[in-house]
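Read the structure below first, then the notes.
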Amino acid sequence: MAQIFNFSSGPAMLPAEVLKQAQQELRDWNGLGTSVMEVSHRGKEFIQVAEEAEKDFRDLLNVPSNYKVLFCHGGGRGQFAAVPLNILGDKTTADYVDAGYWAASAIKEAKKYCTPNVFDAKVTVDGLRAVKPMREWQLSDNAAYMHYCPNETIDGIAIDETPDFGKDVVVAADFSSTILSRPIDVSRYGVIYAGAQKNIGPAGLTIVIVREDLLGKANIACPSILDYSILNDNGSMFNTPPTFAWYLSGLVFKWLRANGGVAEMDKINQQKAELLYGVIDNSDFYRNDVAKANRSRMNVPFQLADSALDKLFLEESFAAGLHALKGHRVVGGMRASIYNAMPLEGVKALTDFMVEFERRHG
């Protein structure tokens with residue numbers, strides 16, 4: 001079978017080695033004669049899976065001991081509600097920085113629970129889309145927390161700065177599309193959350209990192225399965241968790257550790273991004289309209305100079321084993337999502353195709 005490279009924004013490509021192991025273990029896991037999908041989440045075998053996954057995840061991100069790691073349902077959209085329901089306490093407002101589609105979605109959900117103070121960080125610089133630097137973000141004095149999204153998958157916009165707003169500002173961040181792709185200083189955040197389906201594992205699992213002093217403040221109306229304290233007190237097993245997604249994510253963590261960890265992923269991701277953006281920038285046939293300082297290394301949107309060729313580009317790229325390159329309906333064009341599991345050879349195959357396509361149709 002020819003090599004297929006999946007550039008989907010999520011559910012996204014998974015490491016081939018991980019899929020092979022899961023395939024081998026699917027019907028007989030750990031010699032039990034059953035699938036990991038069939039064993040009890042409270043049995044000792046799965047408890048070991050859960051504990052190892054948390055330990056490996058903590059090690060990969062150097063999560064401090066005063067932070068809890070929760071394995072949850074609900075995805076990023078679930079956390080759009082969970083953050084205000086857990087962190088507001090007796091306050092009625094929170095700061096939200098709008099830099100793109102997902103930040104705006106979080107703001108829309110937060111309005112059900114508080115009065116967000118919204119700061120529009122979007123700006124145009126020399127005709128290119130960009131984000132104002134953090135030093136220009138206008139935060140309020142009475143906010144329970146400040147929320148932002150470091151990587152906008154649809155817009156292809158990244159905020160790579162490390163937040164430094166002082167110890168009194170609780171920073172909450174949606175890391176769904178950039179978690180584990182580069183080192184981060186977890187201690188600068190109060191809450192970090194990430195849906196698994198981009199850089200962690202299969203859809204269905206959400207990971208939350210929360211500073212322990214923020215627990216115990218949930219709104220009385222907060223659903224139990226979104227209550228950080230209840231999840232923590234029950235080892236993320238207040239209800240039946242998505243066991244297969246948890247297991248497979250644990251395999252991804254071990255794959256990451258075996259391949260140099262987050263620091264090595266950071267280097268490889270930089271190489272992949274430079275290769276792809278290099279082809280775009282050195283061509284009049286392709287374009288990307290994001291300022292270089294805010295370009296995402298995970299999600300690279302690009303347009304063809306002649307949009308009439310879009311359909312042909314997608315058909316021919318798919319036939320060449322380059323799948324899921326169609327851009328989001330909001331922005332159109334193309335989008336290549338190049339998360340950790342996308343090897344450098346996959347990006348090389350894409351750029352070779354782009355150069356050849358331009359030669360034939362430019």
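Each residue, glycine too, has its Cβ placed from N, Cα and C.
For the recorded site, Ser9 (L-glutamate binding site), the DSSP three-state label reads coil. With a 10 A radius on its CB, Ser9 (L-glutamate binding site) counts 20 other CB atoms from all the protein chains. What Swiss-Prot records for Ser9, Arg42 is L-glutamate binding site.
Long-range Cβ contacts of Arg77 (pyridoxal 5'-phosphate binding site) within its own chain (separation 6+, distance under 8 Å): Ser105, Glu109. The annotation pyridoxal 5'-phosphate binding site is assigned in Swiss-Prot to Gly76, Arg77, Trp102, Thr153, Asp174, Gln197, Asn239, Thr240.
Taken from Swiss-Prot, the feature N6-(pyridoxal phosphate)lysine applies to Lys198, supported by sequence analysis. In the three-state DSSP assignment, the secondary structure recorded for Lys198 (N6-(pyridoxal phosphate)lysine) is coil.
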Subject >> Cβ neighbours of Thr240 (pyridoxal 5'-phosphate binding site) where a neighbour is any other Cβ within 10 Å >> reply: 10
Subject >> Under 8 Å by Cβ from Asn239 (pyridoxal 5'-phosphate binding site), counting only residues of that chain that are 6 or more apart >> reply: His73, Ile225
Original post:
Using a Cβ-Cβ cut-off under 8 angstroms and a sequence gap of six or more, which residues of the chain neighbour Lys198 (N6-(pyridoxal phosphate)lysine)?
Top reply: Ser9, Gly10, Ala12, Thr153, Ser176, Ser177, Ile179, Met298, Ser337, Tyr339
Original post:
Under a three-state reduction of DSSP output, how is Thr240 (pyridoxal 5'-phosphate binding site) classified: helix, strand, or coil?
Top reply: coil
